[in-house]
Amino acid sequence: MRNVDLNTLPSPSPSSTPMKFYHSNRFKIAATFLLLSLSILITGTCLAYYGKLANNSSATSGSFNLNNLPSEQVIWFEKGEAELLKALNRKENSRKARNVILFVADGMGPNTVTAARIYGFGEDGLMAWEEFPNMGLLKTYCANKLVPDSASTATALFSGVKTNYETSGVDASVDFSNCSASLNSLHQLPTIMSWAQDEGLHTGFVTTTRVTHATPSALYAHVPDRSWECESNMPESAKMQGCTDIATQLVEGNVGQKINVIMGGGRQMLISNISGSEEDPLDHWAGYSKDGRHLIQKWMQKKQEQNRLYQVVQNRDELMAINGTSVNYVLGIFANGHLKYDNELDMGSRSMPSLKEMTVKALQILSSRERGFLLVVEGGLIDQAHHRGKAKKAINEVLAFNNAINASIQALNKEELEDTLIIVTADHSHTLTINGYPDRGTSVFGIAGKSITEGTPYTVLTYGTTRKGFQTDDKCLRKNPATDDTESWEYTQQGAVNTEENNHGGSDVTIHATGAMSHLFHGVHEQSYVAHAISYALRIGRFRENSLVKQLNE
């Protein structure tokens, strides 16, 4: 065979290779025409098909012109459009927060909110915070309990760390009542209040409970037992080891003595051997100081030594007379124990103030400063009423809480609202249930139906666990609630299981937010997330470092 060098062969000329038809202009024109024709045919077919569907739908369902719909449908279409419009017009406020107001409703689970909404505004009403654009859920379990208490949940909310049941301001390495472990500074938790103070922000808290109670204590104290509100509740061994009570830490502690606004009850923890009265009884559920202390005088003395502008107030008149721009520090102690329930306030000249009045005055004091502020507001008597089985009182306290939130929004101008992150949440729930199939418009405190076993009526609201609520008649059958005034403030709702007091519930609680950085609350969160979100919004604590903020944003 002869070898042939392919490189030496001549290349064929263009004229020697016939042009393929699909490369010709004639083919391209024909193909384009066919594709256009096919497109027109498909489009026409689709239009005819969907037009037929639309005509069939219109023939069977009627036009979506609201004028052609029955009124029973129109109301829900209009509500749907209004809510949709609100959702479409939502805008994120991503500016750094200058101020934060954190509202905490003690014991306000989802069923409590629903019952309060119906009681106050009807089934289709809304609470103030339910109008906020952002919301989520918080998981409330604590480090060692499925169902938590208020000290452990407050610690999670304020420090960003979950801790053990009935401990306050310390991490989970500190067991209940372990004084020596609580003295280790590595396990004492800084809080949003201490972070805010470190950045020069003004701080305050308002509560309808004792200022040394579980929720506020977690802002400034570090104790292995939430009941150590004063020295009388502490074991001698703890005192010998150097542990101090919550009241002392409020007045003398590093965080407590820097708080600009303190308002609530708890005089019997701050002053020894005081006497109660019919209008202001001692709280026999709590401790009572006997060591000769007068921490209110000590608080005043410290402010004098520091040359601060301060004021101490003890009733509603004195509170309302404060000029918010003329003082930097206010201590308002309005009761020996907790304040009165909102339905019991008489609004007299020397009465106890409402949560709304305390909150608005606190805002006047804090917002008058050049720097921003952090204010924590606790509606604490929701929980207290639930513990006693008084559902109507608990629900009315939710409405008082709602009034305080509305008043706060009205107290701030538009620019302040833009710069302020407002958060509304609860620390935990209760075992309140909404039962049966009562007709719409039925009072939430009324009768829902009858038991299928004994035929005895039952109320719309009952508890899972109850104090004095498991009630029987002389035949040992469940007592008929229709024989009592279930609308009374003092009526005790029935329950399934008798316990020393109505226990907490373990359900998630809602969290709602508006204003600067409110979009940070958007789904299901650990309860401890709240402190981290607040510190990010204010750029305090670990988020004061721009490098960490930049890293997160990237």
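Including glycine, each Cβ sits where the backbone N, Cα and C put it.
Residues annotated as transmembrane segment in TrEMBL: 29-51.
Residues annotated as Mg(2+) binding site in TrEMBL: D106, H213, T215, E378. There are 29 other CB atoms within 10 A of the CB of E378 (Mg(2+) binding site), with all protein chains counted.
Among the features that TrEMBL reports, Zn(2+) binding site is placed at D106, D383, H387, D427, H428, H504. A sphere of 10 angstroms centred on the C-beta of H504 (Zn(2+) binding site) encloses 25 other C-beta atoms.
Taken from TrEMBL, the feature active site, phosphoserine intermediate covers S150. Residues within less than 8 Å, Cβ to Cβ, of S150 (active site, phosphoserine intermediate) and separated from it by at least 6 positions along the same chain comprise D106, G107, H213, A214, T215, R226, D383, D427, H428.
Distance from the CA of E378 (Mg(2+) binding site) to the CA of H387 (Zn(2+) binding site) is 17 Å. Cα separation, E378 (Mg(2+) binding site) to H504 (Zn(2+) binding site), rounded: 17 Å. Within 10 Å of the C-beta of D383 (Zn(2+) binding site) there are 30 other C-beta atoms, taking all protein chains into account. For the binding-site residues listed here (H213, H387, H428), the lowest count of other CB atoms within 10 A around the CB belongs to H387.
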